[in-house]
Each structure stands twice: as structure tokens, then as C-alpha cells.
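Single-structure report; data block below.
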Ligand SMILES: Nc1ncnc2c1ncn2[C@@H]1O[C@H](COP(=O)(O)OP(=O)(O)O)[C@@H](O)[C@H]1O
Ligand SMILES: [Mg+2]
């Protein structure tokens with residue numbers, strides 16, 4: 001056999017297998033994170049409550065601002081998108097000049113990018129730099145006024161933007177009044193994965209935003225199993241996913257809190273692993289392997305995509321763990337953080353903001369931070385790192401600035 005022989009054979013085999021075998025998937029898109037299922041199970045109460053709060057739009061009246069709370073994977077995004085999609089169908093039929101805008105603030109990553117994205121959804125292009133936040137916001141308001149439109153703005157994962165920046169821009173949006181908009185309105189739907197998030201909001205912003213509140217409880221194991229079973233029908237060919245695999249998937253996804261996102265992600269990754277192995281079933285082994293691979297990737301990605309101060313705080317946690325693993329109190333943490341920030345020529349944030357970012361890291365499952373009230377530190381609080389040190393260190397090293405102080 002020639003030198004190129006074996007590798008060609010391997011490739012041929014892979015390609016032939018793909019061509020000759022049927023995919024175990026019927027439609028893998030229904031396992032994507034942004035897929036809106038036709039049936040949303042166990043959320044009838046939230047759907048009807050949310051629908052009733054928004055229904056006045058159909059008569060041209062301003063609905064209350066609403067806050068949706070619940071841990072990750074409790075169906076907040078999917079319910080909000082489902083209800084607003086249905087409402088929008090009615091709005092089109094009625095020929096109303098009303099628009100829904102949707103932003104995930106974590107994905108937008110900065111307040112300014114969030115405004116650029118809002119602008120884009122209204123067909124105005126804001127320059128990528130050069131405007132102050134309030135100038136950018138006024139251009140958005142001007143456009144709404146010129147077009148005479150009512151807008152409902154969904155700010156998903158709103159806790160991210162507030163904890164990592166401040167709430168001034170939200171204040172502008174809650175404060176904007178009839179006069180400024182020429183009789184039109186803006187309603188805000190805020191969605192937060194952190195139930196404690198309210199403590200980080202200025203009381204003026206909080207009262208403006210949470211005229212109505214809805215809570216999404218975690219799913220039970222049985223509910224997760226039903227959600228998975230329903231999704232499997234459209235995602236996989238019949239009989240591909242074993243019953244024990246579904247059970248394992250549901251119980252892993254319920255181990256911290258009943259998290260449907262984790263359940264669906266596990267199923268997707270397990271399916272991909274099975275397909276790559278050429279297996280025509282998805283079994284418990286695939287779920288177990290998927291779980292390990294998701295955890296590793298998730299922690300790494302979460303840390304790598306933190307904003308600068310989030311990374312600095314984590315670097316400070318890491319330094320504290322290495323110095324005295326049993327005793328990371330927030331005082332030590334704050335002084336580590338402050339000196340690290342200064343050594344990079346970065347102005348340190350206030351303790352209140354740091355406390356907000358720590359709580360965000362807690363929600364993301366990177367640290368265990370004590371519950372604090374009013375966004376302030378208590379003296380005796382302890383912080384714990386709950387992911388492997390080497391993953392933290394490896395992810396932080398990827399940031400040039402941070403890696404210079406880790407040495
Ligand atoms: N009640 C439900 N019925 C069917 N699928 C659901 C339900 N709740 C959540 N899901 C699915 O779980 C995943 C995560 O839901 P999502 O709404 O994004 O959670 P959250 O926004 O609360 O973090 C999505 O893929 C969604 O399709
Ligand atoms: Mg969500």
C-alpha cells in the first residue's frame with residue numbers, strides 16, 4: 001500500500017458510512033437552543049398570565065412592564081418568544097403599528113452594542129463608536145417617534161448588563177414618556193436568570209421595570225422526561241433513543257435544578273456522538289459522555305467570554321484559592337482584585353458592583369458566592385471556587401491582559 005493509502009481508506013470509510021447510513025436524526029434543528037417548540041409543556045399558567053398582561057396592545061394600549069424570573073432552563077425565553085410570536089401574528093392582521101424587539105444582553109455584551117442592535121431592529125444604523133449612550137438612546141427614541149410606532153422591548157438575560165455595567169440605560173428606557181415619543185409607548189419585558197437580581201437595581205429603575213412579575217419554577221424530573229420525550233418525536237427517528245437514556249438525561253438535567261436547556265443540550269450532544277460512532281441508537285453511554293463534554297466546554301467558554309472585570313475577579317479568586325484555599329473572604333478578594341486592576345492601569349469597580357459580578361459568577365456556576373442583601377458585602381462572607389482550578393487558569397490565560405498578571 002502506498003504512503004497515502006491508509007488515510008485515504010479511512011476517509012473513504014467515513015464518507016461511505018455517511019452516504020450509506022441513514023441519519024439517526026429526523027430533524028436536528030429542533031434540538032437547537034433557539035428553537036421554539038410547537039407545544040410548550042407545563043407552562044400554561046405562565047403563558048396565559050403573560051398573554052393577558054400583553055393583550056392590551058391589541059387595542060393600542062400600553063401593557064405594563066414585566067419581569068420574568070427563574071433559573072436557567074425554566075422556559076422563560078421560550079415562553080416569551082412563543083407568546084410574542086402569537087401576538088405579532090394578531091398585530092399584523094389588525095394592521096397595528098407595533099413592533100417587538102428582542103435582545104439578549106449577554107450576547108450583545110456591552111450596553112452600547114445592545115443599543116446598536118436595538119437600532120438595527122428598527123432599521124437605523126448607529127455608528128459603532130463615537131456616540132454617548134444617551135445620544136444613541138435618543139436616536140432610537142427619535143426613530144420610534146418619527147415612525148409613530150409602539151414598541152415592546154424584550155431584554156433577555158438583563159441581569160448580565162446590569163451586573164457588569166450599570167442601570168443608567170435601563171433608566172432612560174423606563175423614563176421615556178409619551179411626550180418624547182409623541183403619544184407612542186415603549187414597554188419593557190425584562191428576563192433574568194438570577195432571582196436575586198433586583199438587589200442590584202436602583203429602586204427607581206426597579207419600580208419602573210417590575211410593574212408585573214412572573215416566576216418560573218424549575219422543572220421536576222418527570223416534567224423534564226415529558227419535555228424530552230416530546231422533543232425526541234420530532235428530533236430522532238422512532239426507536240433511536242432508549243428509554244433508559246431519556247431517564248438518565250432527565251435526571252442529570254435535574255441534578256442541580258430542573259433545567260430543560262441542559263436536558264435538550266445533553267440530548268443533542270449525545271445524538272451527535274452516537275452518529276459519529278456510527279451507532280444507530282442513543283444509549284446511556286452517549287448521555288454520560290455528552291454530560292462530561294458539555295461541562296468541560298461550558299466552564300471554559302463561560303470564563304473565556306467574561307468581560308474584563310469578571311475575569312479580574314476570577315483571577316483574584318484564583319490567587320486567593322492558591323494562597324489559602326479554605327479561607328477566601330470577600331475582604332481578601334476585594335484587595336486582591338483592586339491591586340490586580342491597578343497593576344493593569346484599570347480603575348477598580350466599587351464593592352457593590354463586584355458583589356453583583358460575583359453573584360453573576362455564582363449564577364453561571366463558576367463560584368459559590370454567599371447571598372448578600374442590598375448588593376453589599378458582609379464581612380464574614382466566604383467565596384468558593386466550584387470548578388476545577390486548571391480550567392479557570394487555562395481560560396484566563398487566553399486573555400493577554402489577564403495572563404500578564406497571572407504570572
Ligand atoms: N415547557 C417547555 N416545553 C418544551 N420545551 C421547553 C420547555 N421549557 C424549556 N424548553 C426547552 O428548553 C430549552 C431552554 O429553555 P429556555 O426558555 O431557553 O430557558 P430559560 O430562558 O429559562 O433559560 C429550550 O431549548 C426550550 O425549547
Ligand atoms: Mg433564556
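Glycine residues also receive a Cβ, built from the backbone N, Cα and C atoms like all the rest.
Since we're looking at a predicted model, the values are computed, not measured.
Database features (TrEMBL):
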BINDING   74, 75, 76, 77, 78, 219, 231  ATP binding site
DOMAIN    62-220  domain 'AAA+ ATPase'
DOMAIN    317-396  domain 'Cdc6 C-terminal'
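Structural mapping of features recorded in TrEMBL.
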residue : record           : DSSP class
74      : ATP binding site : coil
219     : ATP binding site : coil
231     : ATP binding site : helix
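Among the binding-site residues 76, 77, 78, residues whose Cβ is positioned under 6 Å from ligand 2 are identified as 76, 77.
Taking the Cβ of residue 78 (ATP binding site) as reference, residues of its chain lying under 8 Å away and at least six apart in sequence are, in sequence order, 36, 37, 40. Counting every protein chain shown, the number of other Cβ atoms lying within 10 Å of the Cβ of residue 75 (ATP binding site) is 25. The number of other Cβ atoms within 10 Å of the Cβ belonging to residue 77 (ATP binding site), over all protein chains shown, comes to 22. Selection of the binding-site residues 75, 77, 219 by a Cβ distance under 6 Å from ligand 1 yields, in sequence order, 75, 77. Neighbour list (residue 74 (ATP binding site), Cβ cut-off 8 Å, at least 6 residues apart, same chain): 216, 217, 218, 219, 258, 259, 260. Within the domain 'Cdc6 C-terminal' (317-396), the DSSP-based counts of helix, strand and coil residues read 42 helix, 6 strand, 32 coil. Largest Cα to Cα distance within the recorded ATP binders 74, 75, 76, 77, 78, 219, 231: about 18 Å as a whole number.
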